[in-house]
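Data block below; observations after.
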Amino acid sequence: QPLPVESRPFAPYGSVLSIGLPRGPSAGQRLTLEIDYEAGEGPGVCWLAPEQTAGKQKPYMYTQGQAVLNRSFFPCFDTPSVKFTYSATVTVPEGFTAVMSATSWEKQKDNTFVFKMSQPIPSYLIALAVGDIVSADVGPRSRVWAEPCLIEAAKKEYDGVIEEFLTVGEKLFGPYVWGRYDILFMPPSFPFGGMENPCLTFVTPCLLAGDRSLVDVIIHEISHSWFGNLVTNATWGEFWLNEGFTMYAQRRISTEVYGSAYTCLEAATGRALLRQHMDNTGEDHPLNKLRVVIEPAFSVSLGVNPDDTYNETPYEKGYCFVSYLAHLVGDQNKFDAFLQAYVNRFKFQSITADDTLGFFLEYFPELKEKGVESIPGFEFDRWLNTPGWPPYLPDLSPGEQLMKPADELAELWAADTLNMEAIEAVDITAWRTYQLVYFLDQVLQRSPLPEGNVERLSKMYPKISKAQNAELRLRWCQIVLKNNLEAEYSKVKDFLHSQGKQKYTLPLYRAMWGGSEAARALAMETFSATAPQLHVNVQNYVKKILGLEGAE
């Protein structure tokens, strides 16, 4: 029977769909509700013109649900506190393929695809992509999906590695419950490094570096299979439960696969990002707490949009808190066993930090007895509710053997008169990506360098200044801007034309806007040329940085 429906105001990022039931249902009664609706204009659904894809031949569409955007894709309880299974039937035009975050999919006649997700997930993890996409197997339970022009590169970069990471993850955190782990390489405008949609992670094509140097992003997304997707933060105000645990899990897997020196080096670059973020915002900014107040939006003026709370704090400060819990336990094997028990206890549930910390103290009664939750300066309450730099930093000294040479080399390049003999004695040809990234972070911290030094550095290391690796390109562009090296402004422009990842795009616009007149002009020129290919959220964040009218 038809029911009365009305749309009511809720918050700037969505409205309430209010449906009048014929009579009050009783508790536990099941209802079948059919909602006929049309969607497509909202921020959760991204339509790309052919020129915004890698192949430049056919259009593409994808959805991005996290944090609160799937409400514009389908009517739902759009909160991570509610989990459900789903199925979908998707019909697409001839010559296109549909993929979803689902445990099973089959192609039927008339280009119709049927998907089922048999495990309960929160709304933000439902994802759909439609485009000219093909797949290639890279492991017993993994394949890569990409546009035809990228599929060879994707297969080469990921053949065999995913299974290794999954196996280590299972050994550490327990069974992988999602069946397949596939990866979809998105068009260049995709705003994130990766989105951990279950069974089908969406990732930036920037990961196709050609030398497997950026696979740690995949380890991060794989780690979400346990932390985030299986055990989920019940509110976006405690996002660190997803991201802090995932950073910890990522670095545990990385330590097993690549050793602790390399992992500590990667963690040091993460710490540098946290430092940069806190310097930008001020340490006592309310977002620099692990428990962020996202007010219930009872009136439209209230309510922080959870999408605007995205920053380094839940990731890196969250990682420090999880590391602090491990430090309290004092035994890696025991803490690993705790993580497995934690996943097992809360799987398929949405929980709060109180649940997590309560379980920790219950699991380690001897720590509870010692009152570890209220050690002065390190109180759990302080970790959660006081903004600022983490009270405890994990020991990254195993990375020293890789950091020290990079620190020393940066110091040499910052000197008023360059000691070329000492510089030439350092061979960086064998340095892996994160050692180079760490070196560039050190150079950036010491910038602007004395006159002429950056030009010489650029000539000396084409491996850096002409790199195709996105992490190196980002740092090199930041160095170019900080040193106002106008001769290489074209590299900044080219990089921003080549991709639209938020983590690369915003820092460069901030640097340009905080720079010289020429740098500001470059920002305006680049933005007006690339705006149509950016995700709507990223467009708005850039407008805000550039002080453009009508910025939300």
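Just so it is clear, glycine is given a Cβ too, placed from its N, Cα and C backbone atoms.
Keep in mind that this is a model prediction, so the values were computed, not measured.
Summarising the annotation, TrEMBL assigns active site, proton acceptor to GLU221. Around the Cβ of GLU221 (active site, proton acceptor), the same chain contributes GLY194, MET195, GLU196, THR201, VAL203, each under 8 angstroms and 6 or more positions distant in sequence.
Look at TrEMBL and you will find TYR315 tagged as active site, proton donor.
What TrEMBL lists as peptide binding site is GLN64, GLY65, GLN66, PRO191, PHE192, GLY193, GLY194, MET195, GLU196, LYS501, GLN502, LYS503.
With a 10 A radius on its CB, HIS220 (Zn(2+) binding site) counts 22 other CB atoms from all the protein chains. Residues or ranges marked as Zn(2+) binding site in TrEMBL: HIS220, HIS224, GLU243.
Marked as domain 'Peptidase M1 leukotriene A4 hydrolase/aminopeptidase C-terminal' by TrEMBL: 401-546.
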What same-chain residues, at least 6 away in sequence, bring their CB to under 8 Å of the CB of GLU243 (Zn(2+) binding site)?
GLY228, PRO314, TYR315, GLY318
Can you give me the Cα-Cα distance between GLN66 (peptide binding site) and HIS224 (Zn(2+) binding site) in Å, rounded to a whole number?
13
Write down the Cα-Cα distance for HIS220 (Zn(2+) binding site) and GLN64 (peptide binding site), rounded and given in Å.
18
Within 10 Å of the Cβ of HIS224 (Zn(2+) binding site), how many other Cβ atoms can be counted across all chains shown?
24
Take the mean position of the Cβ atoms of HIS220, HIS224, GLU243, the recorded Zn(2+) site. Which other residues of that chain put their Cβ within 8 Å of it?
GLU196, GLU221, SER223, PHE227, GLY228, ASN242, THR246, MET247, ALA249, GLN250, TYR315
Express in Å, rounded to the nearest integer, the largest CA to CA distance found among the peptide-binding residues GLN64, GLY65, GLN66, PRO191, PHE192, GLY193, GLY194, MET195, GLU196, LYS501, GLN502, LYS503 named in the record.
18
